Amino acid sequence: MPYKNPQAVSLATEIVKDFLGEGAATVCKHLLTKGQQTLQDVIRGIPDMPSSQVKRNLLVLVQHNLANAYTQPEEIYMKSRRASFHAYEACPDRIIQTVRYARFILHIKKELGEVAEKIIEALLENGRLRFDQLSSAVTARCAHLLSAEADNVDQPESSSSADSPNTNSSITPPPAVNLEERIRNVFVSLVQSYYIERVPPCDLPPPLHKIHTNAIKKKAGSKAGIVAEEVVQSAKTLPELVYSKQRFRLPTDVIMGSSSSSAPASKTTTTTAAAADCKLSNDNDNNNSNNNATEAAAAAA
């Protein structure tokens, strides 16, 4: 449904313009003012923009989790049938939340360290990523950690060598830091802490509109808000139930890799690659709003 607050629409449009450019801002504003739209609706609603650019900007918005894609299932009536179609919807709350990215990153660095900070930073900048893409991006950002720790390991202790000339020079130095393994372990911790989640599949149906508690008849001894939540939960479709179970579940190859350095890394297997994509989510920000917790997500595309 269209976003009712014109000031929020204007702010969200300006944020997208600064973040992704004029074209993405135009598509975003159309989605904000019109609500859920099919691709053809968006193309018709922005006649000044070529259809190829509309598609490209819509993909960019979805990639950065600033718009959601849904699949409206087929519906069969008495005398007709409506085919399934894809619908797109802007996420104004998430767009406005981007102004807090700096606080998210500072919170993660304080709570979980520099590697976790670089993981969240890569997700915030690139949107949805497979785990191998995320690992490569974070490795490039954290290369200085390896060199700094290697310098600390190799630095001779002059005072010790001077005081004890008979020190055994054959002592084995500590093993080199395995940055890839550290990234994997920190990634697992972020998922288990609900900072990272799987990207929802594109076949999810559009969400039901939130039911106002005043519109729900109260059961005996029950609060209207609890009853409203029960109504929404009972209306969930099978894809939504499957995704809710998989949302924070780690891919098998990531779990094996985090527990055993000899475990094979994921390569081009479709299932493995699809199970390790990444995106942002709202759960931790809702549960830890006082701490400005970051949200991110590991996904099935």
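For all residues, glycine too, the Cβ spot is worked out from N, Cα and C.
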Per TrEMBL, the region 'Disordered' among 72-94, 233-255, 279-301 spans residues 279-301
In the domain 'RNA polymerase III subunit RPC82-related helix-turn-helix' (11-68), averaged pLDDT is 94
